[in-house]
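Chemist: Take this structure first; my questions come after.
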Amino acid sequence: MELPLSQHSFCKLLLLVVSSLLLWEKAASIPACLAEEGGCWNPLVETFNSAIHKAETLYDLANQIHVELYQNKFSSEQFSSLNSQVIRKDKTALRAGSYCHSTLINTPNKENEHINIEIKEYVKTLINFVGAWISPLYHLVLELSAMQDVPESILSKAKEIEENNRQLLDDLKWILIKVSPTEEMKEEFPSWGHLSFLKSSGEKSKFLAMFNLSNCLGYDAKYTLLNLRILKCLTTGKDC
């Protein structure tokens, strides 16, 4: 017997509702974080992975530009002269070669300090540590872009370093929001004492600032990488 049109439409609607309910029930039984084939996708873990990858890239690039500034004819003579001044214990060169402005930030140095510090305070400390390089790297790219005879290899590395550091800072800010949603972050980035040298019209002053930056950046990038790995372990329990 053929169903009336109204009954036929009702049956189709009922079938659609039942199908939707079955699909909803199946979806509800799947963990909320199962977004990809192969397992659970955790945004916090992925952001830590992203930050660690950027820190690794930053560390590699810092070492590369350090070597190139010592070897490239654009800067090798100036850097060799500054090294000689450091050996002679010239105060200005010695400070540029050994003092890093990021040391003004109170960071955990001992193993038990990493364990005892609150997660949110740890993240905030790293934000200020990474943020300490925002201004120096921005001005480095600015000054290198304006200088004559700057090798493209040095300029491109400086740009990539600046971009990676900025993105790393964004990752850390996102992590802070996730671990402490109500936390208010007061950014306290220390000023870079050699900024005035970099912005100077004198070539020797500019290279003195680059000498300081190249000697500190690799060390700080390695420190950031180490602490990101520790923080990921403490926060997510992964890769401990």
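Sequential numbering from 1, following the chain as shown.
Including glycine, each Cβ sits where the backbone N, Cα and C put it.
Reproduced below are the annotations present in Swiss-Prot:
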- 1-29: signal peptide (SIGNAL)
- Cys33-Cys40: disulfide bond (DISULFID)
- Cys100-Cys216: disulfide bond (DISULFID)
- Asn212: N-linked glycosylation site (CARBOHYD)
- Cys233-Cys240: disulfide bond (DISULFID)
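In the displayed structure, how are the listed features positioned relative to their neighbours?
Modeler: Neighbour count (other Cβ atoms within 10 Å of the Cβ, all protein chains): 18 for Cys100 (disulfide bond).
Taking the Cβ of Asn212 (N-linked glycosylation site) as centre and 10 Å as the limit, one finds 25 other Cβ atoms among all the protein chains shown.
For Cys240 (disulfide bond), applying a Cβ distance below 8 Å and a minimum sequence separation of six or more within one chain yields Cys233.
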Chemist: Among all the protein chains here, how many other CB atoms are within 10 A of the CB of Cys233 (disulfide bond)?
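Modeler: For Cys233 (disulfide bond), the count of other Cβ atoms within 10 Å is 14.
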